[in-house]
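Q: Copying in the features that Swiss-Prot gives for the protein in this structure:
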type: DISULFID; residues: CYS12-CYS46; note: disulfide bond
type: DISULFID; residues: CYS24-CYS43; note: disulfide bond
type: DISULFID; residues: CYS32-CYS64; note: disulfide bond
type: DISULFID; residues: CYS68-CYS97; note: disulfide bond
type: DISULFID; residues: CYS75-CYS94; note: disulfide bond
type: DISULFID; residues: CYS83-CYS115; note: disulfide bond
type: DOMAIN; residues: 6-66; note: domain 'Kazal-like 1'
type: DOMAIN; residues: 67-115; note: domain 'Kazal-like 2'
Amino acid sequence: GPPPAIGREVDCSNYKGKGSQIACPRLHQPICGTDHKTYSNECMFCALTLNKKFEVRKLQDTACDIECTEYSDMCTMDYRPLCGSDGKNYSNKCSFCNAVKKSRGTIFLAKHGEC
């Protein structure tokens, strides 16, 4: 079967307004999603992951250690290894983020440096 889901589910029912629009307070309580993106608060997380093609869960109650918001599909060759939860070494943030994206949020950062 599928691997056990990582992270914790966020109950977004509290934030649903009329229709599909969610109005969020300007609260700064960052959380990190399993897509390795930092959301400014839980409400924004709900608003922005509502229409994702896969379920995003909450990885941690802080900003992400490795931010996967801006990275390219073509990665450079620089070597700053990151260890993925799949036990693989990724040569740098870019290749790690691409793997996270492909895995639909099932791979997360195990540690900085080689596994």
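Each residue, glycine too, has its Cβ placed from N, Cα and C.
Where in this structure would I find these features, and how exposed are they?
A: Here the Cβ of CYS46 (disulfide bond) has 20 other Cβ atoms within 10 Å, regardless of which shown protein chain they belong to.
Long-range neighbours of CYS24 (disulfide bond) (same chain, six or more residues apart, CB within less than 8 Å of its CB): TYR15, ASN41, CYS43, MET44, ALA47. Secondary structure at CYS24 (disulfide bond), as computed by DSSP, is coil.
Sequence-distant neighbours of CYS64 (disulfide bond) (same chain, 6+ residues apart, CB-CB distance under 8 A): CYS32, GLY33, HIS36, LYS37, THR38.
Around CYS68 (disulfide bond), the same-chain residues at least 6 positions away in sequence with a Cβ under 8 Å from its Cβ are ASP35, HIS36, LYS37, LYS93, PHE96, CYS97, VAL100, LYS101.
Around the Cβ of CYS75 (disulfide bond), the number of neighbouring Cβ atoms within 10 Å comes to 16.
Just so you know, the Cβ of CYS115 (disulfide bond) picks up 14 other Cβ atoms within 10 Å once every protein chain is counted.
Confidence across the domain 'Kazal-like 1' (6-66), taken as the mean pLDDT and rounded to a whole number, stands at 89.
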Q: May I have the DSSP-based helix, strand and coil counts for the residues of the domain 'Kazal-like 1' (6-66)?
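A: When I sort the residues of the domain 'Kazal-like 1' (6-66) into the three classes, I find 11 helix, 9 strand, 41 coil.
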Q: When neighbour density is defined as the number of other C-beta atoms within 10 angstroms of a residue's C-beta, which of the disulfide-bonded residues CYS12, CYS32 has the lowest density?
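A: Each of the disulfide-bonded residues CYS12, CYS32 was scored by Cβ atoms within 10 Å; lowest is CYS12.
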Q: With every protein chain in view, what's the tally of Cβ atoms within 10 Å of the Cβ of CYS43 (disulfide bond), excluding that atom itself?
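A: Within a 10 Å radius of the Cβ of CYS43 (disulfide bond) lie 20 other Cβ atoms.
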Q: Determine, to the nearest whole angstrom, how far the Cα atom of CYS12 (disulfide bond) is from the Cα atom of CYS94 (disulfide bond).
A: 30
